[in-house]
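First comes the structure, then the notes that go with it.
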Amino acid sequence: MEFIEWYPRGYGVAFKVKEKIFEGHSKFQKIEVYETEGFGRLLALDGTVQLVTEGEESYHESLVHPVMLAHPNPRRVLVIGGGDGGTIREVLRHEEVEEAIMVEIDEEVIEVAIKFIGIDGGLLDKMMKGECKRAKLIIGDGVEFIKENSGFDVVIVDSTDPVGPAKMLFSREFYERAYEALNDPGIYVTQAGSVYLFTDELVTAYENMSRVFDKVYAYSFPVIGYASPWAFLVGIKGDLDFRKIDLERAKKLNLKYYDPENHETIFQMPRYVREMLKP
């Protein structure tokens, strides 16, 4: 048996699976969990791979740590999405963080992640019970939350792809709200889809961000389970250089995939993409 996620133009990513462990429907989406033959458990939302438990760090590390290490003192962090718990887990690796708020619209994704995925080390359960001192969970719409809340050093958007229901998270209006929610200096990051298969969406998001943020960067990273390389977009408020990270803090993290040595390589986009991203 296989699980196949089909991308545009007939491109697919497939996993051999032993069994389907869970299938359900929340108010927002279809949720599935599979046991794969070689990559642990697979979480899919509306047929789209969110993670495989053996390799998920390749996504969560590359989303979180570059921006956290580029900020001189990331004390207050907002995570929008990330119901599987991987992003908030990585945020809390940074001892500078005093408060992290995670806003997830679909509570059932969190419940499934707690029961069947377990990559968060018990963090989600503690957050659901209000027992985590440094992290707070809010069940709600991140688009609405960011309209009424501000004072964040870092904003991380861990959403589904920049097509369909998540499209609002890649709009100029949302970027304006995010910019206002950031302290100065502040830094914003979002995943932006497959470099090769969602190039047009990547360019559109980059252009929208460039109209709002003081500086915008695009980078990519090979992610297990996705149509890699996977793109990420960073928006800067104030005077920060995303290419420069705190090396001492980085060395303390001892991560599996991302480290200071490969930080420079994440900016190496294919030539045609670089040409499309030029001002």
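Cβ coordinates are placed from backbone N, Cα and C, and glycine is handled just like the others.
Keep in mind that what you see is a predicted model, and the values were worked out from it rather than measured.
Pulled from Swiss-Prot, these are the features on record:
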DOMAIN    4-237  domain 'PABS'
BINDING   GLN29, GLU104, ASP141, GLY142, PRO165  S-methyl-5'-thioadenosine binding site
BINDING   HIS60, ASP84, ASP158, SER159, THR160, ASP161  spermidine binding site
ACT_SITE  ASP158  active site, proton acceptor
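Binding of spermidine is attributed in the record to HIS60, ASP84, ASP158, SER159, THR160, ASP161, and the widest Cα separation among these residues amounts to 15 Å.
The number of other CB atoms found within 10 A of the CB of GLN29 (S-methyl-5'-thioadenosine binding site), across every protein chain shown, is 20. Cβ neighbours of ASP161 (spermidine binding site) (same chain, under 8 Å, six or more residues apart in sequence): THR48, GLN191, GLY193, PHE198, GLU201. Close to THR160 (spermidine binding site) in the fold, though at least 6 residues off in sequence, lie LEU45, ASP46, THR48, GLN50, GLY81, ALA166, each with a CB less than 8 Å from its CB. GLU104 (S-methyl-5'-thioadenosine binding site) sits 10 Å from ASP84 (spermidine binding site), taking the Cα positions as reference. GLY142 (S-methyl-5'-thioadenosine binding site) and SER159 (spermidine binding site) have their C-alpha atoms 10 Å apart, to the nearest angstrom.
Averaged across the domain 'PABS' (4-237), pLDDT in this predicted model comes to 96.
Among the binding-site residues ASP84, GLU104, ASP141, the residue whose Cβ has the fewest other Cβ atoms within 10 Å is ASP141. Counting every protein chain shown, the Cβ of HIS60 (spermidine binding site) has 26 other Cβ atoms within 10 Å. Per Cα geometry, ASP158 is the residue among the binding-site residues HIS60, ASP84, ASP158 nearest to ASP141 (S-methyl-5'-thioadenosine binding site). Within 10 Å of the C-beta of ASP158 (spermidine binding site) we count 25 further C-beta atoms, all protein chains included. Taking a C-beta cut-off of under 8 Å and a sequence gap of six or more, SER159 (spermidine binding site) has these contacts in its own chain: ILE80, GLY81, ALA166, LEU169, THR190, GLN191.
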